[in-house]
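Feature annotations, courtesy of TrEMBL:
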type     : residues : note
DOMAIN   : I:85-156 : domain 'Cyanate lyase C-terminal'
ACT_SITE : I:R98    : active site
ACT_SITE : I:E101   : active site
ACT_SITE : I:S124   : active site
There are 10 protein chains.
Amino acid sequence: MTSVVQSLADVNQQLFEAKKTKKLSFEQIAQRMGRDEVWVAALFYGQAKPTDDEVDKLIDVLGPWVDAKAMKRHFNPHFFPERGQLTPMPPTDPTLYRLYEVVGVYGYALKSVIHEKFGDGIMSAINFSAKVDKVQKNGADTVRITYEGKWLPYDFHC
Amino acid sequence: MTSVVQSLADVNQQLFEAKKTKKLSFEQIAQRMGRDEVWVAALFYGQAKPTDDEVDKLIDVLGPWVDAKAMKRHFNPHFFPERGQLTPMPPTDPTLYRLYEVVGVYGYALKSVIHEKFGDGIMSAINFSAKVDKVQKNGADTVRITYEGKWLPYDFHC
Amino acid sequence: MTSVVQSLADVNQQLFEAKKTKKLSFEQIAQRMGRDEVWVAALFYGQAKPTDDEVDKLIDVLGPWVDAKAMKRHFNPHFFPERGQLTPMPPTDPTLYRLYEVVGVYGYALKSVIHEKFGDGIMSAINFSAKVDKVQKNGADTVRITYEGKWLPYDFHC
Amino acid sequence: MTSVVQSLADVNQQLFEAKKTKKLSFEQIAQRMGRDEVWVAALFYGQAKPTDDEVDKLIDVLGPWVDAKAMKRHFNPHFFPERGQLTPMPPTDPTLYRLYEVVGVYGYALKSVIHEKFGDGIMSAINFSAKVDKVQKNGADTVRITYEGKWLPYDFHC
Amino acid sequence: MTSVVQSLADVNQQLFEAKKTKKLSFEQIAQRMGRDEVWVAALFYGQAKPTDDEVDKLIDVLGPWVDAKAMKRHFNPHFFPERGQLTPMPPTDPTLYRLYEVVGVYGYALKSVIHEKFGDGIMSAINFSAKVDKVQKNGADTVRITYEGKWLPYDFHC
Amino acid sequence: MTSVVQSLADVNQQLFEAKKTKKLSFEQIAQRMGRDEVWVAALFYGQAKPTDDEVDKLIDVLGPWVDAKAMKRHFNPHFFPERGQLTPMPPTDPTLYRLYEVVGVYGYALKSVIHEKFGDGIMSAINFSAKVDKVQKNGADTVRITYEGKWLPYDFHC
Amino acid sequence: MTSVVQSLADVNQQLFEAKKTKKLSFEQIAQRMGRDEVWVAALFYGQAKPTDDEVDKLIDVLGPWVDAKAMKRHFNPHFFPERGQLTPMPPTDPTLYRLYEVVGVYGYALKSVIHEKFGDGIMSAINFSAKVDKVQKNGADTVRITYEGKWLPYDFHC
Amino acid sequence: MTSVVQSLADVNQQLFEAKKTKKLSFEQIAQRMGRDEVWVAALFYGQAKPTDDEVDKLIDVLGPWVDAKAMKRHFNPHFFPERGQLTPMPPTDPTLYRLYEVVGVYGYALKSVIHEKFGDGIMSAINFSAKVDKVQKNGADTVRITYEGKWLPYDFHC
Amino acid sequence: MTSVVQSLADVNQQLFEAKKTKKLSFEQIAQRMGRDEVWVAALFYGQAKPTDDEVDKLIDVLGPWVDAKAMKRHFNPHFFPERGQLTPMPPTDPTLYRLYEVVGVYGYALKSVIHEKFGDGIMSAINFSAKVDKVQKNGADTVRITYEGKWLPYDFHC
Amino acid sequence: MTSVVQSLADVNQQLFEAKKTKKLSFEQIAQRMGRDEVWVAALFYGQAKPTDDEVDKLIDVLGPWVDAKAMKRHFNPHFFPERGQLTPMPPTDPTLYRLYEVVGVYGYALKSVIHEKFGDGIMSAINFSAKVDKVQKNGADTVRITYEGKWLPYDFHC
């Protein structure tokens, strides 16, 4: 029941603290790093690997509130994220659960339409990006989430 | 291990058979019904409730390969879908699993960005739509999935 | 097996301690904050987000037994609850389990009656409130729990 | 993935068929039986035990579309419901899931308020009733669900 | 894999330590408190709520090996046990497992006989007591466990 | 969601049918067979093995509504019950669940008291009997369940 | 507990029957189809999608013991496998379990070496093949399983 | 959510730290130890037992950044790894999950081909090795994983 | 809840029926087949593969109560058991559960002693046999189960 | 992922340390204590209760490397092991898993043979011992594990 941020590595917690202190949004950090907002949030949660250059930018954006040395030591070339352990499944948090519910309710519909449009294969979750937009629909605030993943057709040949 | 279509109600299986016989895509049926493609696929999988008018259109589009009477009897005003039981969780099928994996890996990033843009609340999975588009990105076929759900802020007042 | 309060963030534990020291009930705190009793309890358990104004009131009501600075730092605009991780499912505690049992035994009955009265959709758990009342029924103390959630009809249109 | 009604005993399925044929709501049947609407729905789903007199009324209300003899044979004095197996937990259907989510998110808040108002014990789920009302709140259709359960204080004495 | 006692609140651990130091059995403590032996053991394991008077007796019986002040602070009027989290299910310990096995093997037999003798309802686990006796049966030491729970008939009326 | 009786072997279902037709209680059958009531119910549910003599008595008591030949063929010397698969765990039925809840809430208390009275070991669930009695306690109908199991001390010597 | 083949679609069962009747190995069928042996076995188990041409070859190789028409109807362009539901996880069968055990024991070692050689990403399980060879190692029959999957580097850019 | 390395024994964490400091790959360490690269990685993750001689080499390769004495004390003759607890199943990390997915999708195909080539038995996961190679296939970087396990035929004779 | 025998393939059910009709014990069949008793029982339960010669003997021993042709067709060279799916885990049947409990309670003790006597490795469950003997110990009937499995030392070399 | 020894009570960890320091095997300790080797290992893992005399012997054998006072305080008459929590189920460690696999694959065979030899009942896991022997079989090192448990026939009489 520890908050998910408290369960992260020290440098990740430091990132969140620095962001709070500097009152920066993920969008602002993303713009200054030249990366996507959701990717930056994923990086904060330990779900992405930055390049050395991106670590430098991160230090630049959040300094002096992050320990540059610890940051570089952590995000070294040998650092590879262990992804996905953060989120209990099924998620108990309603904001997360709705994303899960969509898979349960519309999963087969999405699978069928993907197959009709592309054939036998999958949307990659690796060569993949996601974004969140605030749009108006019928006069109401609406959350638009866009996933884009490379099409990977099944291809089995030794 | 029965296929998911075989586990559906008789009228739903009939819909799939008729669609196969008439060689119609979900997109084509959707256009003729004036509804969204993913919604039509969801309807076929028993995950959506059509209006009487939509049942008529469905019969019109897929006739004479569906039993109009059985169709109307099934999709009567008292029919309400039992949603979500179709999909084993975690999904074993890779096409479905990738949608699930995205929740595990990017869930907290998405939650954070939603909160930064909207505040405390959720994307509705009820007042909600989804679509699948085939786009080109860096010269490669790419699956774009777009979710749009009404913003629902937490609001607790008796 | 740590008590659920001990597993909360420090400021939440402080809230419980202050409440005990000042011998205030949730009802009394709720009246002084102008909010609902169950919402205040949910706030204590880390399941709700207060406004800045509500944080001030909380400090006012529970002072000087809470650390105002820590309180404000914690409940900053970037704080968003991670909801629902507190409760093991199925709940082992009998008081909680009975609420769960009702879903198992009367769930489909409630779903059917909701659909008959409203159509295809759900009771929102976000635009939602709950209260507990002590009433007499056939001369016996009776717990009355009232849920009120906005009606959300299924509405799928891109 | 069979619909939940199809998984019920034959006589229960017959009740649903007869209700559909006679176009009666649970509310109408409840009024004619002198029982509560949610209880009648629970009875249809095999989650309640009717008295002989209630079986007669049921036959009376739904005749001639139910087989009176089979009905009486099934709902004999030795019939005792096996409750709760109908609902997968966690529920996959969003209408049911929201009731479950409320337990996860507000469970401890409700438990605390119950204890503050009543002491150490539980709301009975046996000497218990539930109802669903359609109310207006801030000009919007709102689902009100009311649980009433006898207060049962812990009392351990051999 | 910590022992279950080590996972209890500090005051509960202190109770066990004091009991060991004073070489008192639960039976002896129970007699001096005027309560049942199993209830006292449950209290030690954090599964019961004592009255103020009972806390005094406990301090009296186990003094000076318990910290009276801490004891009173813990078992204050706002203390309500979170029950049942102690026991992994299915239990791995054979002594506990046999109690669980009886539910699996004889559960439906017990349910049927309860219904035949009482009707539709349950044995309360709240207005409930249990005791353990050592008896001789066919010349062999035999464990007799007696449960007594108030009969609660199903009764659903709004 | 099939009723538990319908999931039993044919001869067991026949036993239930014959009992219903002859309007016999488990108690009455038990008296005529010279066995315990709960054991007879367990036998009906496929959880016990009768001797040849007991099969004869069963046929005698329930004849001519049971097929004696099928009965003898089923309950042959090579028949050995597969116990415990009948009951989902945790049980969803409230009557069964309360027996399970007692293990979760009072399990460690019972284990401790057993150890204090008997030493290191268990109550046998094999050399074991259970009975249900209807008693009055404080003027209220009370369910008394008594377990008696042989004491089995841990004894490990090759 | 039905055998896995009996749980497949009719045409898949027919494939297995025809193969048995014609005494063909997967290797022989694979050679005549110009595909890989493991892929052919996967096809039989409903885990792969053949092209129309491959369906013709299959009919050619296994005729007249397969129903060509049913085969073509089943493996039509709209057929897309639902993958992975066949295998219980963890697998109970020892031959399957050892493949699973390798993931548990050597998973992190493999992940680390993959990252050291390739960077941040995964071995594709879609653009993927597997083969089984019988080799000698230290004079003993040895199973060599080779997986080849396209390298997919993490690449997140909207 | 601690990283898997942080959950290892102190000496294992030291191995990872020393490797990072000396900028050695598993391949380089493996060459200097005369063992396989994946085995060395497994050793680092606590999944393998080194000989005394191998401990010496390890100290030699990674000195002075590892505490030789602690190393020898840990990897003493009485040290036997507890294997497999490191990896959550199903794995949440995509790199690990793909190895798991292969078992789910191609498991029965692999089992069948193994049986056709070898008979009734298994590939040993004990007398077993694995390696990772970077190969080119159709001009793309490809991960090749090779498992080699001794063939173990079923052989049951007392 | 079907009995485990009823869930077996037809020929396996026939084996059990023939055995019952001919009143043969597994021991008697084993002696006439020249195999081990537990192996024969495993064969009946679909957990072992007989040679052609053993199928002939089986037909010989159980004829004419088994269909020789069906038997040979089923136990053809391409038949390979799918092992282990028969037994729910944890087992609900007490006879099976005790075998499971031993692993839970004495598993680490057995592992340690195996390692002390043999080194790093496992007892094979493939090159393995088991037998059951009835012995007297301290004047009481005692079940002796003996497992013998080939020692397999860990050996990882590409 | 802490090693199982590190998760034990302090005195148990001390036992393992002392054993390592004095380079004693479980067999040697067992001989000097006059108990069985597997029992001693179980004692070290917290799965058995020693008598006062055995505690003295333990101190004698392992002194001065164990704290006699702490040892006596821990293994006091009120100490009763909480058994079985040590072993994750299914076990991830291959040495433990093979013992579990045997239950899954040969469980019903063993149950049947036990019933044929003894009747309806179980092998006790309480009045029970186990040993491990190193034997030669067909010229290969073989692990022989022997379980001996008292025969407990089902016997249900109030």
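A Cβ is built for glycine as well, from the same backbone N, Cα and C atoms used for every other residue.
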Alpha-carbon distance [I:S124 (active site); I:R98 (active site)] in Å: 21
Among I:R98, I:E101, I:S124 (the active-site residues), residues with Cβ under 8 Å to chain B, listed in sequence order: none
Nearest-integer angstrom distance between the alpha carbons (Cα) of I:S124 (active site) and I:E101 (active site): 20
I:E101 (active site): tally of other CB atoms within 10 A of its CB: 24
Cβ atoms near I:R98 (active site) (within 10 Å, other residues, all chains): 24
Count of other CB atoms lying within 10 Å of the CB belonging to I:S124 (active site): 22
Active-site residues satisfying Cβ distance under 8 Å to any chain H Cβ, from I:R98, I:E101, I:S124: I:S124
Among I:R98, I:E101, I:S124 (the active-site residues), residues with Cβ under 8 Å to chain C, listed in sequence order: none
Cβ-based proximity (under 8 Å) of the active-site residues I:R98, I:E101, I:S124 to chain E, or none: I:E101
